[in-house]
Each structure stands twice: as C-alpha cells, then as structure tokens.
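First up is the structure itself, then whatever we jot down about it.
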Amino acid sequence: MRPTLNRSFFKGMWNLTRTYWHSEEKWRARSLLTAIVLLNLAVVYMLVLLNKWNNRFYNSLQDYDIDRFWSLVGEFSLLAAVYIIIAVYAMYLQQMLEINWRRWLTGRYLRTWLHNQTYYRLQLLDNSSDNPDQRISEDLNLFTTLTLDLSVGLLRTTVTLASFAVILWNLSGELVLPLGGHQVAIPGYLVWVSFIYAVLGTWLTVKIGRPLIALNYHQQRYEADFRFSLIRLRENSESIAFYGGERQEEINFSKRFKKVFDNFWTIMLRRKKLTWFTSGYSQIAIIFPILVVAPRYFGGQLALGGLMQTVTAFDKVREGFSFFISSYTSLAEWQAVVNRLLGFDANVAQVNAQAGNEGVKIVDTADSELQVSGLDVALPNGVRLLKQLELRLAAGDSLLITGQSGCGKSTLMRTMAGIWPFGQGTIRRPAGQSMLFLPQKPYLPQGTLRDALLYPYGGGLISDSRIKEIMAICRLSEFTGKLDMADNWSHILSLGEQQRIAFARVMLQQPQWLFLDEATSALDESTERWLYRQLKEQLATTAIISIGHRNTLTGYHKMKLSLDGDGKWSLLQL
Ligand SMILES: Nc1ncnc2c1ncn2[C@@H]1O[C@H](COP(=O)(O)OP(=O)(O)OP(=O)(O)O)[C@@H](O)[C@H]1O
C-alpha cells in the first residue's frame, strides 16, 4: 500500500486517535494531557524569561557592571532550576501518557485480533495485511510516541513562535528600503526575514525528503519479514536440521535481507541528500541572524544585550517556522505507521463483515443433534471440495471421515468449527454443548505442562489427582512430576507424546462433541486402540468425529463418511 494523504487518511487517523480520549480512561488521559500542555506552556514562558535575561546580562557585560553581573548570574540559576524541573516533568508525564495510551490500544487490538478467530481468518484474505504482530507490537508503540511528540511539539512550537515573533517584531524596528525613488519602510522586518528563510528551507526539505515516506513504510515491512523468517527457523529447527536445509534457509534469509539492505541503501542516499541540505541550513542559521542585525548594532541602534536577545529570538522564530524541517522524518514515519494501522483495521473490518455474511450458516439450536444440511465446502477460489452434504449425528455417535489426501477432510472439520468461510449450507449445532476440535498439528501453548493439558482453560478447576490419573491412562505417567515445569514442550515431546497430551486434554475436559483430525497418526496401533477404548469408557455419551487414513480406525466408529475430492460423498453404517 502506498501511503497517501487524503480525506480517508485523515478520517481514519482521527478515528484511530480519538478512541482512547473517549474511553473509560478518558479522565486520566485528559488530566495528563492538560498537565503536559500546561508544563509545555510553562517551558515556553521560561524561554521568554531567559531571552529577556539575555538582554540584561550582555548589557551588564558591555557596561562592565560587576554587581549587576553577579545578581544576573543568581537570577539565571533560579530561572535555570525552575526550567529544569518543568522540562523534566513535561517529559516524564508525556512518557506516562504514551505508555498508558499504548497499553490501552494494545489491549484493544489484541482483543480485536483474537475475537471471532480474526487472526485465522485474516490469513485467508487475498489482500491480508502483512505481519499483524508488527502492527500490534511496533506500530502501536510508534503511533502513540509519534502522535504525542508531534502534537506536543506543534503546540510548543506555535506558542514559542507567537511569543518570540512579538519579541522579535519589537526588537527589529523598521527597515527602510529605497525603491524606485521612494523609501519603503518594512516594520518587524526580522520576522519576515526569518519567515522567508524558514519557508524556503521547509519547501526544499519537503521536496528532497518526500520519498522517505514510502521508503520508511517499506523498511518496516522488510524488517518484519526478515525477522519472521528467522523465527520460522527457530520454530522448525529440527525438521531443517534433519533435511540439512541450512543452505536453502541461508538463501532465503539472504533474499529477504537483501530487500532490507537495498531499501535501507535507498533511504541512506535520500537521507544523505536531505542532510546535505538540513545541516547546511542549520549552520547558516547560526550566522544568518547576526548578519541581518549587524547593521543596526554597528549603526548604534542596538546594544550588545539587544543584539544577543535578537539573535536568540530570531533563532526561536526560525525554529518555529522550521518545525516541519526538523520533524519531517518523524512526520513521514508517523504517516507510514498510521497507514499500516489503518490497513490492518480495514482488513479486520473486512473479516468481520464477512463473518456475518458467510455462505455456511452456523446455527445454534435447542436440538440435541448436530445436523448438516445442503453443505458445500469450497476453496477460496470457489472450487468445491464437497457438494450438498447431509448428515445427522446424535450423542454417543461416532463417525469416521475418510478420503484421499487433499480431498477436503480437514476443511470439512474447519467448516464445522465455523472458521472456514468458503461454501454454503447450514450446520445446526446443539446450543450450550461443548465441542473440542483437535487439529492435525497438536498445539502446545507456551508455559507449563499443566497449561498444555488444560488448554484452552487455565488451571485450578481440575485437581492434581485427576490430572495424574488421566495422564496415567494416556501413558504419560513419566511426566507427572513435571506438571509445573515451564519449557518448550512442543520441541521436547515426541509427536506421539503430544498426541497423547491432546487425548488427556479431551478426557480432562469431557466435551460433548469431539472432532479428531488424524489425532492418532503418530501412535502405534496398540496405543491407538487403547486410547480409543479409553475414550469410549471415559466419554460414553460424547459424539466422536474422526478423520483418518488408517483401516484400524474403522473398528472404533459406527459410521463412515467417504469423500472423493470432486464433491461426491457416501455415508455407510459400519
Ligand atoms: N488456506 C487455503 N487456501 C487455499 N487452499 C487451501 C487452503 N487450505 C487448504 N487448501 C486446500 O484445500 C484442499 C483440502 O485440504 P484439506 O487439508 O482439507 O485436505 P485433507 O483431506 O485433510 O488432506 P490430508 O489427508 O492430506 O490431511 C487441499 O487441496 C489444500 O491445498
């Protein structure tokens, strides 16, 4: 997405910004903001006092007035002390507001991302935004920091500009220019000079720095892609080590890093151009006001104090007019961040709009049966994997779904779980009854073994003795001593052990409906037989729907649904 500044950008940005200030934390946020604004105004006031002090101080030097000199040094110490206290608290409170705002926004984004399985549905979108993790961790951080920095900066600059423009106006007097036989008097000419100087500088900076907006936008994205590929290596280290895939991985890393490098190189060249200009501009700014005021000083219209005060006032006014110059890069970055967050929001909105509008209707009914009627399961490109499926299952039933690899068995399970949006038909599910889906890849969350066993619920509800009893049934007794050990269990446990953990989870949670997607594929046949028998004993009334290729599974089910991958299906009583 190319960042653009248009009405919808400003509308989106406004929506993004305003939520926090109208949230349940609004009073705290607004009080902090008020304090920050007041402190920043106080900073400007102190700068004005210091500027006036400049005049008197340099005059005391010029007049060799030692008593006045020491009394002004004392005054300076006081002004400086107050200035420091105000500046420290202005920064401290601003950071406090930043982190509070970020905490609130992060909570909101996390909830939206997790709600309605949006994290899963997002990846099914064609135009899904890249790296949602980066949006939540990095972009929200940058957004709050930059928004506050820029807006507080703008406020402080405006007030500084207004105060010092008045001072400079009063100090500069009139410049009389001969123009075609006439004399033209320009009042407050130093203000005009600094204005022209700054506007010229700003215009050139914007012209040179403009491409940085898009470049920064891409840089963030390439960095995240590169980081993600490194994380994948860590997550899949064993498979890669078995394959000896290091060379291929290196090629992949280099490819991704090349994008980081190339883009940074372009940024670097652009920044170099910009820095040629901005550092030249700020160097000239040191001498420029002295040159402009020098004629009045040497003409005797200004004392040394006046000269020094004028120079600092000129500097402040120029700084004010040049606000866009010094904060141009931040502004560009901020715009890129806002665009990325808006892109993410748009994708989430698209997913949510689809969620209510899907072809497959999942209806919770008072009925005790699970009924599938007229169900078509399709791929995102519209190709149908399954046509007009009709199915009724009651408590205690067991159904085995078979068919060749890739025919759509897991996709049917996703559809029944309500996370696959492509297709049409109706699935009526008994309301209030618990359902547990065990996907093909066992998932163990970060944390202790207990967390893994009780997932997705927390601990506390089931006693230790019950957990240990079930672990013994699932042939996991050797791990009972490690229940509270936090480790990377998905890397430590064998696939068969992970599948047994999943079975223990089922027995502990006792769902009324259980969906197993090749949940015993890594187990030997005798353990598989044992576990299915235990399932029947422990969960006598649970309906079990399994997916599997093995013939041995047939013996544990009453019905068999065969899919042929072209949409046809057949249902057999076993
Ligand atoms: N997100 C997706 N986008 C596009 N196609 C997909 C997506 N997910 C799955 N598919 C395709 O849908 C088809 C069915 O996949 P599914 O996982 O349901 O097969 P399966 O019958 O469970 O296979 P297996 O027995 O190998 O596990 C496959 O051709 C797969 O490539």
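Every residue gets a Cβ built from N, Cα and C, even glycine.
Just so it is clear, the model here is predicted, and its values are computed rather than measured.
Residues annotated as transmembrane segment in TrEMBL: 32-50 (among others). Residues of the same chain lying 6 or more positions beyond the ends of the transmembrane segment (32-50) and with a Cβ under 8 Å from any Cβ of it are 76, 79-80, 82-83, 86-87, 89-90, 93-94, 96-97, 100, 152, 155-156, 159-160, 163-164, 167, 316.
Residues or ranges marked as domain 'ABC transmembrane type-1' by TrEMBL: 35-333.
Residues annotated as transmembrane segment in TrEMBL: 70-93 (among others).
Annotated transmembrane segment per TrEMBL: 153-172 (among others), in sequence order. Residues 37, 40-41, 43-45, 47-48, 51, 187-191, 194, 293, 302, 306, 309-310, 313-314, 316-317, 319-321, 323, 327 of the same chain, all 6+ positions outside the transmembrane segment (153-172), place their C-beta atoms under 8 angstroms from a C-beta of that stretch.
Marked as transmembrane segment by TrEMBL: 184-206 (among others). Below 8 angstroms of C-beta separation, residues 165, 168-178, 274, 277-278, 281, 285, 288-289, 292-293, 310, 314, 317-318, 320-322, 324-325, 328 of the same chain, each at least six residues beyond the ends of the transmembrane segment (184-206), sit close to that stretch.
According to TrEMBL, the transmembrane segment annotation covers 274-294 (among others). For the transmembrane segment (274-294), the list of distant contacts is 172, 190, 193-194, 197, 201, 204-205, 208-209, 212, 302, 307, 310-311, 314-315, 318, 322, 325, 328: same-chain residues at least six beyond its ends, Cβ to Cβ under 8 Å.
What TrEMBL lists as domain 'ABC transporter' is 370-574.
For the domain 'ABC transporter' (370-574), the mean pLDDT of the prediction comes to 89.
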